[in-house]
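As given in Swiss-Prot:
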SIGNAL    1-19  signal peptide
CARBOHYD  Asn177  N-linked glycosylation site
BINDING   His185, Asp204, Asp270  Zn(2+) 1 binding site
BINDING   Asp204, Glu243, His352  Zn(2+) 2 binding site
DISULFID  Cys319-Cys323  disulfide bond
Amino acid sequence: MKFPNLLSLGVAASTTVLAAVPNQKPIGDTIEDVHLGKFLIELGPGDTRWVTEEEKWGLRRDGRRFFDITAEAEQNVFPRTFAQTTVTFPTELQNLAHVKKLASSLSKNRLQTFLTKFTSFYTRYYKSESGRQSAIWLFEQIEKTIQESSATEARVEKFEHPWGQFSIIATIPGQTNKTVVVGAHQDSINLLMPSILAAPGADDDGSGTATILEALRVLLKSEAVAQGKAPNTVEFHWYSAEEAGLLGSQAVFAQYKQDNRDVKSMLQQDMTGYSKGTMNAGHADSVGIITDFVDEGLTNFIKKVVTGYCGISYVLTKCGYACSDHASASRYGYPSAFVIESKFEYSSKLIHTTRDEVSSLDFDHMLQHAKMTLGLVYELAFADL
């Protein structure tokens with residue numbers, strides 16, 4: 001996500017922290033090597049430039065977001081030419097009683113226990129050894145979640161990348177190949193010195209990672225879903241390398257487009273745990289529904305989901321171009337949406353620093369995001385899309 005002013009946070013690197021951390025040597029990036037350390041980025045429609053990796057981080061420190069489209073340049077792929085999929089979303093919620101019963105099983109304690117471990121990895125930087133190890137641990141948790149359910153056909157797979165950290169895709173097959181996707185990004189970053197400094201990434205995006213995992217666990221308690229009786233297939237994605245220009249999610253949706261996958265919707269959950277900004281501004285707790293660079297029909301349906309399934313309301317807000325992984329789905333023609341923890345200006349200023357820790361999070365607020373995720377996925381799994 002965006003980057004706060006480091007100086008205002010008083011984030012100064014100590015001499016002990018600046019020392020190289022064992023097992024943090026960056027893992028090679030073959031795409032970077034081809035272009036002698038240069039990357040092609042897109043900061044807006046048609047606004048592209050070649051930059052070094054340090055220039056990428058400099059742009060991020062200045063609050064600029066972008067797609068890293070180096071792979072597109074290599075493959076002569078032009079996603080802006082892809083037709084946008086048109087989907088008619090439901091006008092009303094159809095499963096209120098059943099979903100609310102399921103939602104009673106969502107657990108704040110599980111969210112906190114998961115995040116305490118997930119943030120203990122020194123960094124989840126996508127080219128670090130600890131970033132690879134965190135992905136391995138996350139994969140094991142997802143695998144365990146599926147194994148403990150009755151969903152015998154559900155599966156989890158690694159989506160490999162040229163860098164060290166893989167993306168993860170969990171699939172619950174339905175009656176058709178029409179697919180409903182929920183995503184979060186698993187990587188973290190300290191933008192001061194990405195390959196050296198700690199990046200616990202509790203809110204960005206440990207919170208989203210935990211939120212959708214908990215939603216998956218409870219969704220699998222539905223016998224109809226677990227036994228593959230839903231009309232539509234459901235997927236949960238945990239992307240690598242979001243912080244470096246949406247690299248992991250771009251690779252996933254590029255592959256899906258190549259394979260003619262029928263993705264009907266994609267919801268991104270990035271930063272779901274920080275409520276202090278809203279409270280300190282004197283406003284009631286709420287979730288932030290993004291309205292720019294998203295699918296209008298899906299976004300309007302999400303408003304209904306929040307109203308029907310959450311104990312708090314929503315505010316409308318904007319986050320700009322390429323601000324999280326939903327943008328990759330949209331880039332390849334799939335309807336996408338994004339729900340964040342608050343109005344954008346009230347979101348956490350601790351992200352991308354050593355201070356993005358579990359202690360800053362509101363697990364009651366995260367539970368609301370889990371309810372929204374569960375409600376949306378269940379409704380769309382059984383919808384005529």
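Placed from the backbone N, Cα and C atoms, the Cβ positions cover glycine too.
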(request) May I ask for the distance between Cys323 (disulfide bond) and Asp204 (Zn(2+) 1 binding site), taken between their Cα atoms and rounded to an integer number of Å? (result) 12
(request) Consider the binding-site residues His185, Asp204, Glu243, Asp270, His352 and say which one has the Cα lying nearest the Cα of Cys319 (disulfide bond). (result) Asp270
(request) Measuring CB to CB from His185 (Zn(2+) 1 binding site), give everything in the same chain under 8 Å that is also at least six residues away in sequence. (result) Asp205, Gly208, Thr209, Trp238, Tyr239, Ser240, Ala241, Glu242, Glu243, Gly248, Ser249, Asp270, Ser324, Asp325
(message) According to DSSP, does Asp204 (Zn(2+) 1 binding site) sit in a helix, a strand, or coil?
(response) helix
(request) Sorry to bug you, but what's the C-alpha spacing from Asp204 (Zn(2+) 1 binding site) to His352 (Zn(2+) 2 binding site), rounded to the closest Å? (result) 8
(message) To the nearest Å, how far is the Cα of Asp204 (Zn(2+) 1 binding site) from the Cα of Asn177 (N-linked glycosylation site)?
(response) 31
(request) Within 10 Å of the Cβ of Glu243 (Zn(2+) 2 binding site), how many other Cβ atoms can you find? Include all protein chains, please. (result) 29
(message) Test of understanding: give the count of other CB atoms lying within 10 angstroms of the CB of Cys323 (disulfide bond).
(response) 22
